[in-house]
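Copied over from TrEMBL, here are the features:
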- C:6-29: transmembrane segment (TRANSMEM)
- C:36-56: transmembrane segment (TRANSMEM)
- C:62-85: transmembrane segment (TRANSMEM)
- C:97-115: transmembrane segment (TRANSMEM)
- C:135-161: transmembrane segment (TRANSMEM)
- C:182-208: transmembrane segment (TRANSMEM)
- C:228-251: transmembrane segment (TRANSMEM)
- C:258-278: transmembrane segment (TRANSMEM)
Amino acid sequence: MSAPLLAVENIGRRFGGFVALEGVTASFASNKVTAVIGPNGAGKSTFFNVLSGVLPPSTGTMRFKGRDLAGTPQHRFAHLGIARSYQITNIFPELSVHENVRVAAQAFRSRYDIWRDRAALTELDDKAAAALAAVGLTHRGSATAKFLAHGQQRALEIAIALVADPELLLLDEPTAGMGPEETKEMIALIEKLAAERTILLVEHKMKMILGLSDRILVLHHGRLIADGNPQQIQSDPEVRRVYLGQNDGYA
Amino acid sequence: MMSSKQGKSGASRRDVLAGLSAGTALLAMPWVARAQGETIRIGFPTPLTGPFAAEAKDQVKSAELAVKLVNDKGGIAGRKVELLVRDDKLNAGEAATRTLELIEKDKVHAVVGALSSAVQLAVNEVTRARGVIYVSISQSDTINEVKDFSRFTFHEALNPHMTTAAVAKHTFKQGTKVAYLVADYAYGHEMLRGFKRAEAALGATGVGEILHPFGAADYSTFMPRLRSMRPDILCICNFGRDQANAIKQAVDFGMKQQMQIVVPVLLHNQRLAIGPEAFEGVIGGANYYWGLEEAIPSAKAFNDAFRAANGGAVPTDYGAYGFTGVYSLLLAMEKAGGTDTDKVIAALEELQYDIAKGPQHYRKCDHQSVQSVLVLESKKKADMGSEADFFRVVATEPASESILRSCSELGLPA
Amino acid sequence: MDAELIAMQLFSGVALGAILIMVALGLSIIFGMLGVVNFAHGALFMVGAYAGLWVASLTGSFWWGLLVAPVAIGLFGMAIERVLIRPLYRRSVDDPLLLTFGLGYVLVEAVRIAFGSDGIPFPTPPELAGVADLGIGFFPIYRLFVVGVVAAVLILVWLCLEKTRFGLIVRAGARDPLIMRVLGVDIAGVWLLVFGLGVGLTALGGVLAAPMRNVNPEMGSLVLAEAFVVTVIGGMGSLVGAVVAGLLVGVAISMTALFAPEMATIVMFALMALVLLVRPQGLFGKPGRA
Amino acid sequence: MTLSAQSLDAGPRPLRARLAARRVPLSILALCLLPWILPSEALAVNVLVYGLVAVGYNLLFGYTGLLSFGHAAFFGTGAYVTGIAIGRFDVPWFAALALGVAAGGALAFVIGLLSIRTRGIYFSMVTLALSQLVYYIALQASSWTGGENGLRGFTVSELNLFGWTVDFLDPVKKYYVIMVFAAAALWFVSRILNSPFGSVIEAIRENETRARACGYDVERTKLISFTLSGLICALAGTLFALHLAIVPLDILHYHTSGMIVMMTLLGGAGSFFGPFVGAFAFLLMEDVVSLWTPHWQIVVGSVFILFVLFLPKGIWGTLMAWRAGR
């Protein structure tokens with residue numbers, strides 16, 4: 001096993017008196033797909049928000065490619081090579097699809113330049129086109145983003161994350177609200193992406209997770225209760241207890 | 001904006017349309033020289049909107065009366081006089097814009113008006129730069145001073161210095177203890193300065209001054225301290241709404257039982273707005289009160305003309321400025337035989353007039369109108385003879401340069 | 001400076017704060033629940049004063065004005081919510097703010113048309129005229145009455161929020177608007193009531209202030225600025241914050257009036273700037289709402 | 001929130017795209033005609049000045065999505081500093097102008113620094129409070145600002161630059177001189193909107209969370225936008241001071257901020273031409289209505305309410321949407 005891309009040690013997060021995440025230790029190797037599962041309120045979103053810099057952890061350390069992330073503001077994460085998508089579609093609704101991706105690409109090229117003509121940065125158009133092609137949205141480039149179908153918006157969101165060429169891609173329920181057909185396409189897309197980069201995803205669709213993931217983390221009440229490959233997780237008694245006890249049909 | 005005339009009821013649609021086309025014509029030919037015999041146009045910026053709208057409307061009525069009287073007599077050298085009323089919204093920037101329009105577009109021959117120190121100074125600045133005659137009709141000491149002096153500007157209104165001098169003369173005595181509640185802005189400071197000077201001259205004793213923020217709504221927090229000063233007289237040096245609220249709250253705190261309340265200026269419309277109870281017994285100065293008609297024939301004539309034109313209503317203090325300001329200017333134009341600026345200025349400097357309140361003239365050095373100052377006391381409700389019978393005339397301080405600051409003190413050559 | 005004077009000054013600060021609390025509380029309730037910053041709040045304060053005046057002059061009794069006007073203006077507030085503000089809930093949070101800003105203009109001018117641009121006398125009710133000796137100094141009986149009324153209203157509002165189903169919903173909703181949907185509460189109805197309550201409170205403030213300050217169309221303008229300061233210091237949406245900050249601002253003004261009176265207005269804004277620097281969400285505000 | 005002209009370049013809306021491409025020359029052409037359309041030059045200069053404030057404000061409100069209620073502070077500071085520089089220190093007019101812009105920009109930077117930490121409604125409140133603080137400071141510092149009386153005594157009757165002399169009391173000449181500065185500012189704003197930075201602020205307006213996740217320092221970008229916006233407003237303030245030769249204290253009051261917001265929204269926030277259209281419509285409406293009735297505020301307020309309710313894109317935005325929809 002190569003040196004981990006991301007290593008978190010004993011991280012926790014509190015909101016006032018409420019402990020959302022506690023003592024999670026894990027490391028993630030390159031080019032693997034890891035799924036994070038757990039019942040509602042297990043701390044999955046908090047975990048993702050900590051990993052993507054939205055929330056600084058209350059305790060613990062995070063290292064990305066050996067670099068300590070303590071005190072790193074959220075916007076630096078994209079520059080380090082960590083990009084994410086959101087559970088609820090999170091795009092630039094009034095911009096065109098192409099612009100959505102282009103402006104994301106621009107973050108690595110020009111952020112405060114007020115003199116140049118933005119159209120002059122033609123390489124951004126190429127990058128945007130490539131990212132759109134990767135998610136199969138080339139034909140919708142000129143459409144206004146808010147008019148896309150739901151599945152296409154999810155794909156656009158991944159394109160926005162992808163154009164950063166991240167080494168670590170965090171996908172928060174990429175298939176949320178999708179029909180079976182769209183889900184299938186999304187799975188294919190994730191498999192394609194997984195060939196080149198490390199992916200961490202939160203999902204509820206168990207069948208999809210089992211088919212897709214190299215490794216599964218299970219969170220419950222903010223704690224990591226299991227960590228292993230799909231077979232191990234499926235047979236883990238603690239996980240079974242949690243899911244059957246919940247009886248919410250996730251398993 | 002447009003060159004139509006705005007009357008008290010506002011311009012009709014036709015006026016506006018006529019104004020529009022006139023405006024267009026004007027725009028098309030701005031260079032056309034104006035023939036002799038054209039109408040004499042007097043610009044009149046006044047705050048038709050805002051807290052002094054009532055005073056402004058009175059000013060317009062009085063100014064229109066002055067114009068009417070002159071036109072009825074055949075105008076000036078055969079030329080009709082027209083009053084161009086503009087709403088300055090009690091905002092100096094708005095007033096400056098309206099004045100620019102009046103000068104640049106309507107080509108007025110003179111400007112009269114403004115009802116606040118700030119607005120008046122703004123109009124003064126615009127007219128001074130463009131050599132247009134301006135008769136100011138709002139109280140200010142600043143405008144008399146050399147920094148804002150304009151040889152084109154004449155001050156028909158009283159100024160705080162003379163008002164406070166007159167009021168103090170008839171209220172302060174040797175050994176009187178005086179406390180001051182002062183609005184913290186130029187006008188308030190000017191009034192305080194005037195009272196302090198009179199205080200020293202009359203042998204009274206100042207027991208304390210409290211500055212309050214300009215435009216404050218609540219004065220309760222100043223009352224305990226004012227009371228603890230144990231004055232004989234409480235001088236409330238502010239204006240308009242501030243004055244009304246301060247008096248009302250002083251009364252609520254029972255101050256009136258222990259001290260005499262004195263203000264520099266008693267306003268007819270504020271007394272109306274606050275009611276007789278709060279104002280009862282309050283003493284203050286004024287440029288005009290309709291009750292003057294018993295003693296002064298010109299006041300009687302003015303009142304009668306005003307009543308005839310306005311359904312029996314009597315003119316008010318600030319309203320009267322509209323009349324005296326416009327009328328004195330028109331008298332000077334008559335003497336000058338037209339609107340030639342230098343001739344009108346010379347005529348104004350020489351003018352002796354008695355048109356509403358006894359003899360007046362403009363002092364040569366600062367163009368301040370030397371005039372009488374009334375000292376009034378607000379009547380008890382039971383003593384009011386009629387609806388508008390608000391005040392008793394305590395004294396009339398006759399017109400005299402002795403209650404003005406000297407020319408050299410103002411930084412002006414005598 | 002003697003202790004009696006300082007005590008007296010403190011007390012006038014509290015009395016001054018009482019009116020601020022009335023206005024700020026309404027502003028804060030509306031914001032906390034609806035997320036609407038009501039820029040017409042000052043104008044509604046003024047409209048409340050005029051309504052009180054009008055009712056009092058019709059009935060010949062201040063008490064009817066005090067009773068009827070806040071209710072009537074509260075109902076008027078509900079009409080405003082229903083007709084003007086409700087269509088904006090799905091839009092940007094800025095839209096209700098902008099709309100109420102325009103509404104303030106309209107209300108002020110409407111009152112000018114109806115009652116004239118001059119002030120109108122509103123004498124202190126004869127039963128409450130005069131001054132009382134508090135031992136530390138004399139204080140107008142009417143102002144003592146105002147403090148009493150505000151205290152009573154605060155207790156009523158508190159009871160209503162703590163002990164009734166309506167209050168439960170409001171408190172839950174202020175914490176998390178989503179909860180209401182989950183609970184299946186008629187949100188529209190609750191919001192309507194909350195807006196009416198907030199407006200009614202400021203109208204009550206207006207009626208109470210009228211005999212102290214007289215009535216004029218511009219009386220709401222300064223009050224609005226003061227109420228903003230109070231709610232921001234207290235934390236927008238926090239009811240306890242509105243009360244504490246109202247008293248704090250009242251006392252700060254009265255103490256400044258003692259030592260540097262001309263700074264009495266500026267101190268309010270300086271206090272606010274200070275609080276915002278140290279604690280942007282206000283003393284009792286929740287950071288998440290900011 | 002309306003779309004920017006820029007973001008629709010790719011869309012099938014030729015008129016809009018054509019206008020967008022030539023927006024600076026088109027604006028200048030319209031401005032050249034302004035004094036011949038409006039009833040007076042003084043009003044035309046006011047439209048110019050307020051239009052420019054609205055343009056500056058629009059950069060923040062329309063394009064960055066921040067509702068500031070404190071822009072009167074920058075407008076006023078520009079005016080005051082220019083007036084003080086000329087009246088008290090005899091600074092040449094163009095240097096005074098530069099000082100005014102710099103001072104307004106510096107104040108915007110400071111107020112921005114303090115207010116950008118807050119979000120949403122709080123941002124509006126904080127900017128309002130801080131600008132009121134500036135108002136009260138100007139009221140108190142009357143030896144510098146003239147206090148309530150306003151600042152006076154800096155009338156510029158003629159402009160001298162490189163041997164050229166312009167009679168600044170001539171209303172037409174004054175208009176065109178001021179227009180040159182306004183046009184330069186418009187070009188500058190167009191430049192900003194066309195730049196990569198323009199993309200960033202639009203992205204932040206559209207979705208702040210996403211923009212941050214994309215790697216943009218949202219706070220810093222907002223601060224730059226806030227400062228740029230303040231600079232433009234300060235320039236408008238300096239021109240206001242030169243135009244009227246007085247600075248009224250009211251210029252700093254939050255009512256002025258409110259007026260700027262109303263103009264911007266009326267014309268169309270987030271569109272290049274909108275703010276000028278808004279200033280034009282607002283001032284003309286105020287002017288015409290106040291000739292009919294002293295109760296002009298009820299008309300202006302009602303029109304504003306109707307716009308918020310039914311035409312949130314403003315005059316220009318609605319016009320464009322209507323053209324596009326046909």
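The backbone N, Cα and C atoms fix where each Cβ goes, glycine too.
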Practice item. For the transmembrane segment (C:36-56) and the transmembrane segment (C:135-161), decide whether they are in contact, meaning at least 3 CB pairs lie under 8 A, counting pairs 6 or more apart in sequence. Key: no
Point to revise | Stretch contact, the transmembrane segment (C:135-161) with the transmembrane segment (C:258-278), Cβ-Cβ under 8 Å, 3+ pairs | key: no
Study note, to complete from the structure: Counting only residues at least 6 beyond its ends, the same-chain positions whose CB falls under 8 A of a CB in the transmembrane segment (C:258-278) are 1, 5-6, 9, 226, 229, 232-233, 248-249, 252
**Study point:** Dominant neighbour of the transmembrane segment (C:62-85) in C:6-29, C:182-208, C:228-251, by Cβ pairs under 8 Å
**Key:** C:182-208
Check your understanding: Are there residues at least 6 beyond the ends of the transmembrane segment (C:6-29) whose Cβ is under 8 Å from a Cβ of it, and what are they?
Key -> 37-38, 41-42, 45, 134, 136-137, 139, 143-144, 146-147, 150-151, 153-154, 157, 170, 194, 197-202, 204-205, 208-209, 223-224, 226-228, 230-231, 234, 236-239, 241-243, 245-255, 257-258
